[in-house]
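Novice: Just dropping this structure here.
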Amino acid sequence: MPAVAEFEATARERLDPAHYDYFAGGAQEEITLRENEEAYKRLRLIPRVLRGSDKRDLSVELLGTPSSMPILVAPTAFHRLAHPDGELATARAAARAGTIMIVSMASTTAIEDIAAAAREVTPDPGLWFQLYLQPDLEFTEAIVRRAENAGVKAFVVTVDSPVLGRRERDDRNAFHDLPAGLFVENLRNIGENRSGGNTSHVREIVMSAGLNWDHIAWLRSKTKLPVLIKGVLHAEDARLAVHHGVAGVVVSNHGGRQLDTVPATIDVLPEIAAAVGGAVPVLLDGGIRRGTDVVKALALGADAVGVGRPVVWGLAAGGREGVSAVLDLLRADFDQALALCGGRHPADLTPDQVRR
Ligand code: FNR
């Protein structure tokens with residue numbers, strides 16, 4: 001079975017170079033982008049012996065949403081840049097894999113249509129919705145209602161983007177707007193005709209450096225669904241998140257696309273897991289490319305991991321089948337690594353099995 005890198009190579013051949021750079025790139029010197037992957041290569045695994053099982057169970061349940069494996073689809077924008085079927089293909093593949101897809105607010109397909117595509121595959125798909133809280137809270141609430149009505153099961157608020165990171169590849173390519181015909185469909189004004197195709201009806205995503213814990217409390221007051229925050233790197237923020245009633249924490253540096261020179265997520269995971277102390281689930285994304293990466297993250301305290309670019313590469317390489325192939329590959333690779341580590345379930349992995 002090919003590795004994630006081979007899907008990336010195929011995607012690179014197929015994509016417009018500016019679009020490839022948009023997906024592949026990171027902020028500024030891309031130090032964090034590289035570090036996310038490199039950090040895994042510095043960690044060594046210590047297997048346990050004579051305690052595994054031929055019957056392994058990779059499934060987990062996260063905040064009431066079952067997942068067939070602890071590998072989720074991280075939220076990434078603009079899937080129709082990667083493949084004409086866009087998020088519909090991703091959603092069908094995630095549903096077929098029985099895993100959770102965290103739909104980006106910046107999807108190029110409306111959440112209602114994504115949910116309908118997933119429901120063609122499975123009656124009760126595990127869809128979560130990623131939010132950039134908009135300063136216009138009324139508008140934000142309208143998006144929350146839309147996502148709830150579409151059937152999402154949790155909200156993931158991205159908190160690492162007070163301003164947009166500086167992506168120098170995009171600057172060089174002058175890639176700053178979606179091509180004609182593609183829109184951030186979830187930001188079409190509520191009540192407008194969704195098939196209208198008039199840009200004036202689609203709002204831009206606004207990043208706000210003025211967001212604070214009160215906005216998280218506001219969102220919690222507006223929805224009964226679990227609210228996670230994504231983009232935590234400081235242990236004190238993880239403690240504050242638990243204090244403020246957040247349902248889960250995603251350790252993420254946005255795939256190296258926001259603040260450059262922050263550490264690899266795997267390197268801060270132990271301190272965040274310690275700060276959270278099991279009070280809420282801890283998820284992690286960034287640089288996961290192999291089953292051993294998943295094993296290391298789970299051993300060091302993550303309940304599940306997210307994959308961003310690997311899914312995009314699968315999508316660009318082969319649409320729904322490509323995403324399915326990537327998810328199947330990661331599942332098989334993780335299952336094998338788990339078996340080699342002497343585990344039968346993700347929870348069997350422990351911090352003493354990872355050595356620096
Ligand atoms: C992202 N990411 C992201 N995160 C988010 O909260 N909302 C979004 O719209 C996007 N969009 C997005 C686009 C692209 C092209 C990439 C590569 C990433 C970040 C994403 O959720 C995740 O944190 C990283 O992708 C994880 O790193 P890997 O798996 O790509 O290494």
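Placed from the backbone N, Cα and C atoms, the Cβ positions cover glycine too.
Where the annotation comes from TrEMBL, it is an automatic prediction and has not been curated.
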Novice: Would you identify which residue of Arg92, Arg96, Arg167, Arg220 TrEMBL lists as part of the glyoxylate site it also attributes to Tyr22, Tyr132, His254, Arg257?
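Specialist: The record-listed residue among the candidates is Arg167.
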Novice: Across the domain 'FMN hydroxy acid dehydrogenase' (1-356), what does the mean pLDDT come to, as a whole number?
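Specialist: Result for the domain 'FMN hydroxy acid dehydrogenase' (1-356): average pLDDT 96.
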Novice: Max CA to CA distance in Å over the glyoxylate-binding set Tyr22, Tyr132, Arg167, His254, Arg257?
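Specialist: With Tyr22, Tyr132, Arg167, His254, Arg257 as the binding residues for glyoxylate, the largest Cα distance is 19 Å.
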Novice: What does the structure give for the C-alpha distance between Ala77 (FMN binding site) and Arg257 (glyoxylate binding site)? Integer Å is fine.
Specialist: 13
Novice: Looking only at DSSP and grouping its letters into three states, which state does Tyr132 (glyoxylate binding site) belong to?
Specialist: coil
